[in-house]
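Structure first, then comments.
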Amino acid sequence: MIDQLIDSIEKLQNPTVVGLDPRLGFIPGHIKEEAFDHHGKTLKGASKAFYQFNREIIDEIKDIVPAVKPQVAMYEQYGYEGIKAYMDTIEYAKDRGLIVIGDVKRGDIASTAKAYSDGHIGLADVEGEKIEVFKEDFITLSPYLGYDSIEPYVTDLNQRNKGLFILVKTSNPNSKEIQNLTVEGELLYERVAKLLKTWGEAAMGDLGYSRMGAVVGATHPEDAKRVRGILPNTFFLVPGYGAQGATAEDLIPNFNKGGKGAIINSSRGIIAAYKNEKYQKDFDSRDFAKAARAAALDMKKDLQRVMD
Ligand SMILES: O=c1ccn([C@@H]2O[C@H](COP(=O)(O)O)[C@@H](O)[C@H]2O)c(=O)[nH]1
């Protein structure tokens, strides 16, 4: 899938992923009213509202961005109804040609990791019946349990053409408390990047990048520069642009030459654009998906501006 992601970015000339992180505060009144009329103010009502919101956004952005990144926490909070909305969203996006990065941030011992891999990017086994479950193209993982927690995913990466993005340097302000500790003369995130370089060699795609990518926050450009130096053949998923304050200029160190090797996420900045003053004069809440499209196009322009 890493090769397809690279091809799609190239075709659309747009290294952007739209984060599908719905929350009730972002859902326009008319969608909530309809969902709550049918299902009440229940977990099901909230989940149905999320799915309707996502579908309209996907329909508006599917021809301009290569990928979407649903954040599982937003759905999980509503239990199995929320998980159904997460799964339905994945299916809807894939049916419309979008690549799906499931932001699930798993990390556990090998026997448990195998179950995560089977469920998310592999096949679940029901007494010999092999069943595809969540169907993401990529998922995110934490590296802090070491390689035996990553190795169970490698077969699915290579045999089923799936991908991982492994946390290397996260975008949150306190990431430095742990990730920037000095360990045996180097920063911890640098050590993680070096490990990922070795791990990723077991899963190389055809276009020079590994199926094991890295999550590198846009909000720490100096750290991103060091990580890029260690990982020239690793594709980066870069959150932090927009709502978390990173600018297009901050993104530059994440890319290889010619604007290659990274995809930039924006979630709130796109899906809730209709609430932003900048878009309010042109779009009301019924046009929320059109506002999301306008914000995604503005982001594309902003990225192109610093790439040129
Ligand atoms: O370091 C990280 C890793 C993941 N995220 C996730 O990305 C989005 C960001 O949303 P915005 O609304 O664009 O801020 C969200 O799902 C995070 O969980 C991250 O921000 N930083």
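In case you wondered, yes, glycine gets a Cβ from its N, Cα and C as well.
Feature list (source: TrEMBL):
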type     : residues : note
DOMAIN   : 15-283   : domain 'Orotidine 5'-phosphate decarboxylase'
ACT_SITE : K105     : active site, proton donor
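Neighbour density for K105 (active site, proton donor): within 10 A of its CB lie 17 other CB atoms from the protein chains shown. DSSP gives the residue listed as 'active site, proton donor' a strand state.
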